[in-house]
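Peer 1: Before I ask anything, here is the structure I am working with.
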Amino acid sequence: MHGLLLAGLLALPMNVLAHPAEQQTSSVLSRRGVDIDSFRLPLKAKYMDSDATAQKIQALSFSKEDDYVSTATKLVKSTFPKSTFRVVDDHYIGTNGIGHVHFKQTAHGLDIDNSDFNVNIDRDGKVFSFGNSFFTGEIPKESPMVKREFSDPVKALKGAVKALNLPVKSENAKAKTVEGKESFEFQGTSGALSAPKAKLVYLQKEDGSLALTWKVETDVGDNWLLSYVDAHDSETVHNVVDYVASAEFKVFAWGLNDPTEGNPTSFRDPWTASSPFTWHSDGTNKYPTTRGNNAIAQDNPTGGSTYLNNYRPQSANLIFNYPWTAAMTPPSSYKDFSITQLFYTTNRYHDLLYSFGFNEAAGNFQVNNNNKGGKGNDFAIVNAQDGSGTNNANFATPPDGSPGRMRMYNWTTARPNRDGCLEAGIVIHEYTHGLSNRLCGGPANSACLNALESGGMGEGWGDFYATAIRLKPRDTKNTNYSMGAWAANDPKGIRAYLYSTNLQTNPYMYTSVNNLREVHGIGTVWATMLYELMWGLIEAHGGTYSADPVFRNGVPQDGRHLAMKIVMDGMALQPCNPNFVQARDAIIDADRALTNGANKCTIWKAFAKRGLGYGAKYDPRTRTGSNQLPPGC
């Protein structure tokens, strides 16, 4: 094995939001002036936690089947005996022993695209918990295939392009039939990174009715959209899902957040057993550059959509050691260092998440899954110094089997300008979008964090992991952290408040979400709660600040890594498009599955401190807060 020398430096950029009011800006389709928040999917999910599930199963005299998929299927049939559905081909058993099975409701052979059912099966083959957003209203009596009075897919494409002001030329579009019922790919278009697609599906609307729609898929770079266009009125777009998650947010060595925390250090062979082919091979080919099984890193100064022929540093002996100083400018003068840093951070995070259970079967990002389940050919495409934007970053997460795509931008908030690849937090934040989107709802469904509140939690998970990874041995529960301070050139960072366990420093409570209308603001509330959770577990189990966790029977032995593990496991347990209450319950269930509930009261205390206690209730307009603990705590 050749030695790999990585001179690593990291940092983390985001939008400059210094005050709470500034976080109320809407999410806008990049540079096209369309408010995407107005098209978000409604929250429809319900979640039955492990305690309630045990009571329900006992009341039903429900018995397990021969395998976990059959048991899960039996539960769905017993819960919705009159509904039709299909098993999604992405079930797997997590490293915590919980089996995850996902179902999609159908009507007349068409998917009801936002009607999902997830069932979690424990080690003994019994139902552990489940969630669903199945449609309970009246299904149309007649199949739309009988009279075929719906519009053709080309009109739907043109309707989406017009309504969302997309840079796609569709005047000469023609629909070509592809595999799948009423599924098409468009030819004769331009402006999208890949051929647009359309599929006829039903959609649950906000008012509880069912609409027949064309699900139109368009990847235009900054946005990768699923637009639900009414199949009878092509000028009406009901909802939009965006696979791209944007940030407003950095490695030296792993754990250093940005250039203020240390100096570049060289590492030899830094990969772990989570990357059996090393970082420079996919098991078939060896690459003398920043390419391997988990990621491919390159510069992208033009902001274009191609990447295979873009520039990457080359080293036959795998020594990637390049100069960088804070005075170097412009960022292109140190692109070798930047690409190397981005490659290092992405791979290092892949290996850490793999140890927690984000592996092949769970839908991680790898070319070669080595016969371990899931779909391969989907490493992370990570672009350094991407010219398609500034002062931001984003990550696109299509379903398992298609590569994720990260775009890291330069920051004009300082002189000389700063490179987002040098702040580890932004890379971690962005990659975490890939983690949460693959786990929530299953690897085959990347549309399960697209409601406003669930999308906010997607941002919050990114902030939480970025912050947890940068903790230092000297830190205590009184330590505060900002987000994006280096990139934004502002010590306060880009969030409304610092992450802190002090209620005066950070006063966010569950009911604060009532006044927030933007995902990053909502995400700050969620990440604040997870920060409380982490410090509660550190106080209970100690804080080991080694780069990698030490496991005993699958359980991390320190509070910091334990928090990261159960938060991640909770993502796989919760329903598609969850709310705060359901995500909290899923984390409590994750601890129950992992430790038999040893940390139940510690977790409850953390959430209760921030108003998400035992009596908290979700309502999209008026959430009810609670500092109450459950009986026994």
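A Cβ is built for glycine as well, from the same backbone N, Cα and C atoms used for every other residue.
As annotated in Swiss-Prot:
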ACT_SITE  Glu430  active site
BINDING   His429, His433  Zn(2+) binding site
CARBOHYD  Asn410  N-linked glycosylation site
CARBOHYD  Asn480  N-linked glycosylation site
SIGNAL    1-18  signal peptide
Peer 1: Reported as an integer number of Å, what is the Cα distance between Asn480 (N-linked glycosylation site) and His429 (Zn(2+) binding site)?
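Peer 2: Distance between the two Cα atoms comes out at 18 Å.
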Peer 1: Please compare the binding-site residues His429, His433 by how many other CB atoms fall within 10 Å of each one's CB, and tell me which has the fewest.
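Peer 2: Comparing Cβ neighbour counts within 10 Å for the binding-site residues His429, His433 gives His433.
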Peer 1: Suppose we draw a 10 Å sphere around the Cβ of Asn410 (N-linked glycosylation site). How many other Cβ atoms does it contain, all chains included?
Peer 2: 26
Peer 1: Just checking: which of His429, Glu430, His433 have a Cα that is within 10 Å of the Cα of Asn410 (N-linked glycosylation site), counting only these recorded positions?
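Peer 2: Within 10 Å of Asn410 (N-linked glycosylation site): none of them.
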Peer 1: Across all chains shown, how many C-beta atoms besides its own are within 10 angstroms of the C-beta of the residue listed as 'active site'?
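Peer 2: I get 32 for this one.
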